[in-house]
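Here's what Swiss-Prot has on this protein:
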BINDING   48-53, 74-75, 111-112, 139-140, K244, 273-275  NAD(+) binding site
SITE      E75  site 'Plays an important role in discriminating NADH against NADPH'
BINDING   Y225  substrate binding site
ACT_SITE  Y235  active site, proton donor
Amino acid sequence: MIIKPKVRGFICTTTHPVGCEANVRRQIAYTQEQGMIANGPKRVLVIGASTGYGLASRIATAFGSGAATIGVFFEKAGSETKTATAGWYNSAAFDKAAKEAGLYAKSVNGDAFSNECRAKVIELIKADLGQIDLVVYSLASPVRKMPETGEVVRSALKPIGETYTTTAIDTNKDQIITATVEPANEEEIQNTITVMGGQDWELWMAALRDAGVLADGAKSVAYSYIGTDLTWPIYWHGTLGRAKEDLDRAATAIRGDLAAKGGTAHVAVLKSVVTQASSAIPVMPLYISMAFKIMKEKGIHEGCMEQVYRMMRTRLYGEELALDEQARIRMDDWELREDVQQTCRDLWPSITTENLSELTDYTGYKQEFLRLFGFGLAEVDYEADVNPDVKFDVVEL
């Protein structure tokens, strides 16, 4: 079939298999151009490995460090008449490229919050790799099915304490609007911590430890975002921030646990990027459009791949971790530069529907957004007939 983008809200309901593969190939090429990561990991588990920072982590370790990788994700396959999710095509493309390069790659498609998924991954590690030396935790899910009770808990992207009103972009109409978000109640706050906090990361690390599949000196990293005063009301001071604080709590606990065998665990705070997750957060598309323009002008713009590769090479496996006072690895250092932030603050009040594309990189934002789904890549022929049913070596749970 010939596949065209269909955008609804913050999701594109169609995806392009050839475009997604081209995207993955671009990220692999970038990694290979940068060269190998000295003393990098060799056996890696990525939990949340199919898009965004998780996919970039899998690429960085496999193609930048020659690592064998196991990727866990929850994606939908395509059929002859329906496209798969982008993460399915990304993972298929990664699998193909890894095998071409002679690298071990196994993928598990299932609910990463489930005990069944943990058991399957441990079985794979024992059978194929023995142990692992890096665990990347990069899950972005709005819901979590509790492993013991089966209860489904939903997160809420809301401010805490007071109603938040701000300028935002209606990405469907490309218009500047006033967005109002009501504050969360206590239950919504707790639910968001349950879904997006550090508890599941702890469960994974405990299961891996108890099974004896963590190598001596194993490292673990979980991804977070803090942002700036421009986004704090909806993010860091909101329900998401509470969940991310819980991630910090979990990191401290896991770090204490791994220390006995020379291992370590940290939260890595990353920059804002265009992902399916960030496009769902009010204000983020506008903030990202501004930050992108300024950072591109200053030559300090990074996407997921550049950011993760820099973290792996210069921090996690580099000279020094350069931690903040909460023992976090800060990769948002360039975005938080005062010159970048002040320009954003000055710009924010003056943005209108008319000057949106001129004052910000909203055009770039939209291009990046479509690229997540495999559209808008120059090297892809979008008039060609393609088969949406892409098969690859994946363990289905």
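Using the three backbone atoms N, Cα and C, a Cβ is placed for every residue, glycine included.
Separating the Cα atoms of K244 (NAD(+) binding site) and the residue listed as 'substrate binding site' is a whole-number distance of 8 Å. Annotation note: L139 (NAD(+) binding site) sits in a coil segment as assigned by DSSP. The recorded positions considered are E75, D111; of these, D111 has the fewest other C-beta atoms within 10 angstroms of its C-beta. Mapped onto three states, the DSSP output places G52 (NAD(+) binding site) in helix. When the recorded positions F74, Y235 are compared by the number of other CB atoms within 10 angstroms of each CB, F74 has the fewest.
Within the same chain, residues at least 6 positions away in sequence whose Cβ sits under 8 Å from that of G52 (NAD(+) binding site) are S138, A140, V273, T275, Q276, A277, C304. For the recorded site, K244 (NAD(+) binding site), the DSSP three-state label reads helix. If you take the C-beta of V274 (NAD(+) binding site) and look for same-chain residues 6 or more apart in sequence within under 8 angstroms, you find I288, Y365, E368, F369, L372. Taking a C-beta cut-off of under 8 angstroms and a sequence separation of 6 or more, G48 (NAD(+) binding site) has the following same-chain neighbours: G54, V72, F73, A112, V136, Y137, S138, L139, A140. Around the residue listed as 'substrate binding site', the same-chain residues at least 6 positions away in sequence with a Cβ under 8 Å from its Cβ are Y235, K244, V269, L270, K271, S272, D332. Spatially close to S50 (NAD(+) binding site) yet at least six residues away along the chain are G71, F73, E75, T85, A86, G87, W88, N90, S91, judged by Cβ distances under 8 angstroms.
Residue environment of L139 (NAD(+) binding site) contains 22 other Cβ atoms, counted within 10 Å of its Cβ in all protein chains. Every protein chain considered, the tally of other Cβ atoms within 10 Å of the Cβ of K244 (NAD(+) binding site) stands at 25.
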